[in-house]
Amino acid sequence: FLYIFSNKKRPSASGLEFIGPLVCSVEETPDPISTVIKGEIPSWITGSFLRNGPGRFEFGESKFNHWFDGMALMHRFHIKDGQATYSSCFLRSDSYVQNAEKNRIVVSEFGTLATPDPCKNIFARFFSRFQIPKATDNAGVSFVKYKGDFYVSTEINFMRRIDPVSLETKEKVDWSEYIAINAATAHPHYDRDGATYNLGNSYGRNGFFYHILRVPPGNGKNDVADLSGAEILCSIPASDPRKPSYYHSFVMSENYIVFIEQPIKLDPLKFMLYRVAGKSFHKVMSWNPELETIFHVADRHTGQLIKTKYYSSAMFTLHQINAYEDNGYLIMDMCCGDDGTVIGDFTMENLQASGEELDKFFNSLCTNLPRRYVLPLDIMEDEPNDHNLINLPYTTATQQKGHEDLYNDDLLQYGGLEFPQINYTYYNARPYRYFYACGFGHVFGDSLLKMDLEGKKLKVWRHAGLFPSEPVFVPAPDAKDEDDGVVMSVVITPREKKSSFLLVLDAKTFTELGRAEVPVDIPYGTHGLFNEMS
């Protein structure tokens, strides 16, 4: 199938608010402190809202160049009986410890090249350019679970096990010691039996492969990190082994896993030589809009790839919303854009710009919008190419158009959306009606949105100068409807120091129930989850 589409864009912005304070280094708060409750936090909420993201952007005189490079800072809002406490800890990664000991950046990150030791003589510094650099273990993207244990993760082969109560950094875990892969995503999926699925890759003499992984269930009572029993379910060769695709996440339904091979390409040769050339990791990525996007579909239970490959014109996706099967079709909802150069653009220089420079940066960014792709699973080999195989009554997607826009034009005034979340516990991989996301009327999310797919109707929480984090849905214990529960988000502002708060919205009405104000600075983060606990 070849899909053709055109994308809409949000209105151009001017006079955007300066957000530099949202990407400044902060101090950690290792001992829990009380918060001030305004309104009411429902008494049935018992557990911890855990979040991850960059929190330190320099050591001594050396500074990180890219937002992704900041040292991982873990946050915990613990909620019980309508009250909340806050704590935070820097991940004691090897990268953090070594940088702190030397008081300079000694481990290279995604967008920052570690500088040679100034104490070495000129010849030693020159030859150090030709050494293989230390691999970072700065896992600053998300919290994930394997066998009931909590880890922090990013897009490398290292994770760190974490105590979800104290936020203590525990042992370092190398995926390659359990399974033959070089990296795994920070966005695994979980099935209802407790198994965890992820996507990794490997490269060697036989080429570059993407691998679908499965880690079996566990009891969460391990004294040490345990990924034993991890297996590769399926291996997918790269369509161009010289230039594999970048990926951030993947699609999972009840019976299928879909890897989206998108035209953001990595150059392994440049990757190996980047140290010599003096370039950082993000310089080895390129957006190739002349290439097609390929959907590879595998049976989740057998690991077998189905024979049909599905193609669309070039598109870029970081996060999927949900996927499910219906009547012989695979329905995939995801946030999509038409320009994959966005990854390398989030430099500290761009994020700390102001005035016209900030407006120019924002207006250059892709508008990410929700789309539905429908893949017919049962296709006859002699099916004519011009025959539309998609005839579900509730979607406008066709073989020729390929996707349905899951929004009305009112979404554009909020800048499109990203960081989508659903009622994952009960509706992941099943037909669903609602999802929640950040609206992007600024470089960082500046609103919270609830989308009702019946009519594509929006509910919005938005206040000038406030920047909310990814919304996380927590179902009510006696829930009868899909949206019975609350949505949580950490809200920060560049306008005033130490004025952050945890926001709790009624998920059904999308109105504020309460907030827990905390007198600390919290930088803009990435992903989190809610850990139910007694």
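We count from 1, first residue shown onward.
Yeah, the Cβs are placed from backbone N, Cα and C, and that goes for glycine too.
All annotation found in TrEMBL is predicted automatically rather than curated by experts.
Annotated features in TrEMBL:
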type	residues	note
BINDING	His187, His248, His319, His527	Fe cation binding site
> Once near-sequence residues are set aside, which residues in the chain of His187 (Fe cation binding site), 6 or more away, have Cβ atoms under 8 Å from its Cβ?
Replying inline: Ser142, Val144, Asn198, His248, Ser249, Phe250, His319, His527
> Setting His187, His248, His319, His527 aside, what same-chain residues sit with their Cβ within 8 Å of the center of the Cβ atoms that define the Fe cation site, listed in sequence order?
Replying inline: Val141, Ser142, Thr185, Ala186, Ser249, Leu318
> By a simple count, how many Cβ atoms lie within 10 Å of the Cβ of His319 (Fe cation binding site), its own Cβ left out?
Replying inline: 19
> For the binding-site residues listed here (His248, His527), which one has the lowest count of neighbouring CB atoms within 10 Å of its own CB?
Replying inline: His248
